[in-house]
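Swiss-Prot lists 99, 121, 123 with the feature Mg(2+) 1 binding site. For 121, 124, 292, the entry in Swiss-Prot reads Mg(2+) 2 binding site, with the evidence type sequence analysis. Marked as substrate binding site by Swiss-Prot: 124, 125, 126, 127, 220.
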């Protein structure tokens, strides 16, 4: 096999840093620590049952749940610990927040504190672990408030409540047949494949772009009876295929891992929907804004796609709580804009179906 010379993640970050002559290097160091965490998690996922990390956490005592009320897998807890231990020590972070922790994580006193904050879902799609289907990690980097840096105080929840436009970087790792790290630092989206021989992430997918058109959509069809009118209209038109108003056939996908869905869309286009519905009116959506919707929203926009609540761009939403849930649609720009248009158009209620009485299902 001929040698192919590719940039490593380290080389890529150095090149990006040259755009900012006064940069300290702290940001690059943080991203490399995150990449190391992803490498460690990839190893644990690949070992599966051989590593003794399958099944529910604390199963012998009835199991454990996270702040979301979700049963924790052993790999959820392990992955969260890996993210913390690989990033807390270097003096790049002021604090962290995770899907698996109710409150912000404070950097221990024995370590210096930095100017960035890391928010993450350490293992997205963990319900797929036991059946050996793709899982991933997703993260976002924010700047810590200046007053926290000046005073050295601990971070509080309000410090993390920044709109997605304020993200410094976002990315995910997908643990599949190969391990890929997909990253944006605000200058496009680039994908890096883990070379198991070198132990390095190598640039394999430079300047990723999402096609504006698509023939694929992803939604959990088991919730169709709870959908409101705009999404039902969109899905019905897709399912009608070539003989319907869209005049072309669509394929429906569903992996139950947002990272895997986002990766497929970045690679070949598509649209993903996890809308607010009437299944549980107390929950304004399923996915979390700060460490799921916002990072994927930044990646989509940087790759020429779009991410939305259905009424406004996802990155413009002002968070109100650390674990806030929200309805989300993202992917190929033209399809997302079509769904937004359907939400903006008045919908006449159908007497036979009261679910269609409300206009929007992506409200935060």
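Cβ coordinates are placed from backbone N, Cα and C, and glycine is handled just like the others.
Positions of Swiss-Prot features highlighted on the structure.
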{"residue": "99", "record": "Mg(2+) 1 binding site", "Cβ within 10 Å": "24"}
{"residue": "121", "record": "Mg(2+) 1 binding site", "Cβ within 10 Å": "28"}
{"residue": "123", "record": "Mg(2+) 1 binding site", "Cβ within 10 Å": "31"}
{"residue": "124", "record": "Mg(2+) 2 binding site", "Cβ within 10 Å": "31"}
{"residue": "125", "record": "substrate binding site", "Cβ within 10 Å": "22"}
{"residue": "126", "record": "substrate binding site", "Cβ within 10 Å": "23"}
{"residue": "127", "record": "substrate binding site", "Cβ within 10 Å": "14"}
{"residue": "220", "record": "substrate binding site", "Cβ within 10 Å": "15"}
{"residue": "292", "record": "Mg(2+) 2 binding site", "Cβ within 10 Å": "26"}
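DSSP gives residue 126 (substrate binding site) a helix state. Rounded to a whole number, the distance between the Cα atoms of residue 99 (Mg(2+) 1 binding site) and residue 126 (substrate binding site) is 12 Å.
In sequence order, 76, 79, 80, 98, 100, 120, 122, 124, 126, 137, 138, 291 are the same-chain residues whose CB sits within 8 A of the CB centroid of 99, 121, 123, the residues recorded for Mg(2+) 1 being left out. Taken residue by residue with DSSP, residue 121 (Mg(2+) 1 binding site) is part of a strand. Residue pair residue 125 (substrate binding site) / residue 99 (Mg(2+) 1 binding site) shows a Cα separation of 12 Å.
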